[in-house]
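Encoded as structure tokens, the structure appears first; notes follow it.
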Amino acid sequence: MASKSGDGGTVCALEFAVQMSCQSCVDAVHKTLKGVAGVQNVDVQLENQMVLVQTTLPSQEVQALLESTGRQAVLKGMGSSQLQNLGAAVAILEGCGSIQGVVRFLQLSSELCLIEGTIDGLEPGLHGLHVHQYGDLTRDCNSCGDHFNPDGASHGGPQDTDRHRGDLGNVRAEAGGRATFRIEDKQLKVWDVIGRSLVIDEGEDDLGRGGHPLSKITGNSGKRLACGIIARSAGLFQNPKQICSCDGLTIWEERGRPIAGQGRKDSAQPPAHL
């Protein structure tokens with residue numbers, strides 16, 4: 001299963017744009033992140049309104065810490081702790097009812113991929129998470145195809161050698177319906193999944209060990225609740241944008257708007273905090 005935040009793991013670098021105007025802003029950021037378990041190093045650049053955090057925490061948790069200072073923060077890029085850009089991607093998940101989430105993929109090295117994210121609106125408990133073959137949402141999640149499985153293997157758990165490449169195991173939603181997770185995977189590569197889809201399921205994935213007819217096919221994790229196409233995203237220092245060329249919104253205005261649709265133009269739209 002996915003690790004809980006602060007439980008260790010491989011350090012990555014997160015690049016945030018943070019609204020800062022003076023030295024007291026810088027001091028507030030340092031004070032908030034100092035001593036936080038999982039935060040290894042913090043570089044604050046006032047002139048660039050940038051905060052670079054070396055951490056093992058999910059990006060959403062670091063963003064929440066930064067915004068607890070009363071300043072808006074926007075994740076602009078991710079990279080390895082050596083500040084290398086080996087590939088990054090993102091999936092915006094939408095589905096049944098109020099379920100929505102953001103999941104990011106980062107190639108930490110040629111052997112290791114980080115998958116981290118936050119999904120809201122789930123029933124408390126374990127939910128199977130998988131990369132699927134197709135980035136086709138024409139019939140919602142039903143047109144995403146089977147699990148990504150270029151090797152023709154049986155379904156298994158993320159620690160198994162014999163498994164679908166897209167088998168990411170389970171993530172746990174807490175009592176409030178939010179799942180925040182950080183997975184390190186040795187089989188998945190960012191460059192292999194761009195253009196495919198990510199799907200979260202209704203129930204727990206039995207990791208191929210349940211004895212059900214679907215155990216070795218899907219993990220018997222129930223219907224598909226939410227999904228999104230995996231798209232390339234910016235690595236470290238690859239996103240200098242301050243104003244969106246398509247509609248003139250600043251990154252701070254975008255922070256509280258949907259990525260697309262009518263709600264993007266609605267100034268009263270509350271932030272999703274994803």
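Note: Cβ is positioned from N, Cα and C throughout, glycine not excepted.
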In Swiss-Prot, the member of SER154, SER215, SER267 to which phosphoserine is assigned: SER267
Of the candidates CYS96, CYS113, CYS227, the one sharing a disulfide with CYS141 in Swiss-Prot: CYS227
C-alpha spacing of LYS189 (ubiquitin cross-link) relative to HIS147 (Zn(2+) binding site), in angstrom: 15
Neighbour count (Cβ, 10 Å) for HIS164 (Zn(2+) binding site): 27
Mean predicted confidence [pLDDT] for the region 'Superoxide dismutase-like' (88-234): 97
Per-state residue totals over the region 'Superoxide dismutase-like' (88-234) - DSSP helix, strand, coil: 4 helix, 68 strand, 75 coil
Cβ packing number for CYS227 (disulfide bond), 10 Å threshold: 26
